[in-house]
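A short worksheet on the structure shown next.
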Amino acid sequence: MSILAVSVSHRTTGMDVLSQVAMDADVAGKLALELTGSEHVDEAVVLSTCNRTELYTAVSRFHGGLDDVTRALAEVSGLDPATVTRSCAVYFDEGAVAHAFDVAAGLDSLVVGESQILGQVRTALIQAQQAGTVGPVLNALFQQGIRVGKRVQTETRIGTAGRSLVTAALAELVAEIGPLDGLRVTVVGAGAMAGLAARTVHRDGAVLTCLNRTTDKAERLAQAVGGRGLPLGALPEVLADTDVVITCTGARHQLLSAADLDGTPVRGVIDLALPADVDGGVGARLPLVNLARLLTAGTAGSDATAPAAEVEAARTLVEGEVRDFLGMRRAAQVAPTVVALRTMASEVVAAEMARLDARLPQLGGREREEVGRTVRRVVEKLLHQPTVRIQEHAADPGAMDYAAALRELFALDPQTVAAVLSPDVHR
């Protein structure tokens, strides 16, 4: 199985397409199940955040797998396949591994070096495990990607400044309306992004109100930041007592229009949701910081958001991890050929010994045992050098060529090799 990743992100398309392909956990789970039921896809993990939707798959064929993935994404998003194709980046095998590790390390983020993506990657893996759509290939990829992300966080200073999408958006807003100290801030949503926003503005001295469809979640978040928690339905009343609104929900429809702000003291709005929670027309009346603005301004998307030396150190670390992972993956793919070769040799020895017994039934037990040892020694000597060489080069880029040569020279049954490689682990 090969690894295929299809990415629709802030680097490949605009907010209109990103909004279309964004999906919640339920939709992502259904998409992963649909993918693993297609002809060329055996495993699938869907990662959907505020600035990317990515489909990681284990596929039997590149073109067939790509067709399956783009068709499924088009169906779930309502976009035509041509638009999906134009709007995505495609990564295969080595490229897919490198991209997955870059993403987990925060190197491909809108805010380079932010650490929130690591939790989102972990959540995507857990959801795929629960749905039964992840097997040995993607499990290994994501587990190692998470470890790489942790290494980048602990061994480099790329995230020392604490930069995130939230802090980037707050910096934009504060530049227009001034410090948040003492201002009344309403946070709509109770997910990881909303929690980060609430904690950040609380440290800045804001007075907080937290709203969510589930009142319990709103109250829990409010308790953590010394604010009050209310149901989402209270939003119209709360706006009458709010200076700043921060939204980051998973709603599929807009929550706030320009008309909703008429007669309110609201001075600024931050919308970090995808699709957008707030009508873009709000920006014509007061400061609105949304994902589209962050992308257009370029304030969040460059390596300048983190120390250049630390970004380079992180990239070097990730590159080394990619090489190591690919080496282990190649070694694992070569091993079945060696096992199949030795299995074939054992079967040949057994067959020849059976033929010897038929021809020389008078052969004594001691003599037969000595003949058997001699035959096995000869076979072992013949196989020793080829197997040693392939094991020595198992992690090298050319390892698969060595394995293919062995399979061809010894006429190894492809099904036997495949059975060793994939012993009924997943489908």
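Every residue gets a Cβ built from N, Cα and C, even glycine.
What you see is a predicted model, and the numbers here were worked out from it, not measured in a lab.
Per TrEMBL, the features are as follows:
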- Cys50: active site, nucleophile (ACT_SITE)
- Thr49, Cys50, Asn51, Arg52, Ser109, Glu114, Ser115, Gln116, Gln120: substrate binding site (BINDING)
- Gly189, Ala190, Gly191, Ala192, Met193, Ala194: NADP(+) binding site (BINDING)
- 6-156: domain 'Glutamyl-tRNA reductase N-terminal' (DOMAIN)
- 178-283: domain 'Quinate/shikimate 5-dehydrogenase/glutamyl-tRNA reductase' (DOMAIN)
- 314-412: domain 'Tetrapyrrole biosynthesis glutamyl-tRNA reductase dimerisation' (DOMAIN)
- His99: site 'Important for activity' (SITE)
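Overlay of TrEMBL feature records on the structure.
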residue	record	Cβ contacts under 8 Å, 6 or more apart
Thr49	substrate binding site	Ile117, Gln120, Leu274
Asn51	substrate binding site	Ser9, His10, Leu18, Ser109, Leu110, Leu165, Leu274, Leu291
His99	site 'Important for activity'	Ala5, Ser7, Ala89, Tyr91, Asp108
Ser115	substrate binding site	Gly106, Gly149, Gln153, Gly159, Ser164
Gly189	NADP(+) binding site	Leu211, Asn212, Thr247, Cys248, Thr249, Gly250, Ala273
Ala190	NADP(+) binding site	Cys210, Asn212, Thr214, Lys217, Ala218, Arg220, Leu221
Met193	NADP(+) binding site	Cys50, Gln116, Leu165, Val166, Cys248, Leu272
Ala194	NADP(+) binding site	Val187, Val188, Cys210, Asn212, Leu221, Ile246, Cys248, Thr249
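For the recorded positions shown (Cys50, Ala192), fewest C-beta neighbours within 10 angstroms: Ala192.
Secondary structure of the domain 'Tetrapyrrole biosynthesis glutamyl-tRNA reductase dimerisation' (314-412), assigned with DSSP and counted as helix (H, G, I), strand (E, B) and coil, comes to 85 helix, 0 strand, 14 coil. Residue counts for the domain 'Quinate/shikimate 5-dehydrogenase/glutamyl-tRNA reductase' (178-283) under DSSP (helix as H, G, I; strand as E, B; rest coil) come to 37 helix, 25 strand, 44 coil. DSSP assigns Thr49 (substrate binding site) to a strand in the three-state reduction. Looking at Ser109, Gln120, the binding-site residues in this record, the fewest other C-beta atoms within 10 angstroms of the C-beta turn up around Gln120.
The average pLDDT the prediction assigns to the domain 'Glutamyl-tRNA reductase N-terminal' (6-156) is 95. Within the same chain, the residues at least 6 positions away from Gly191 (NADP(+) binding site) whose Cβ sits under 8 Å from its Cβ are Cys248, Thr249, Gly250, listed in sequence order.
Residue annotation for substrate gives Thr49, Cys50, Asn51, Arg52, Ser109, Glu114, Ser115, Gln116, Gln120. The furthest Cα pair among them is separated by 15 Å.
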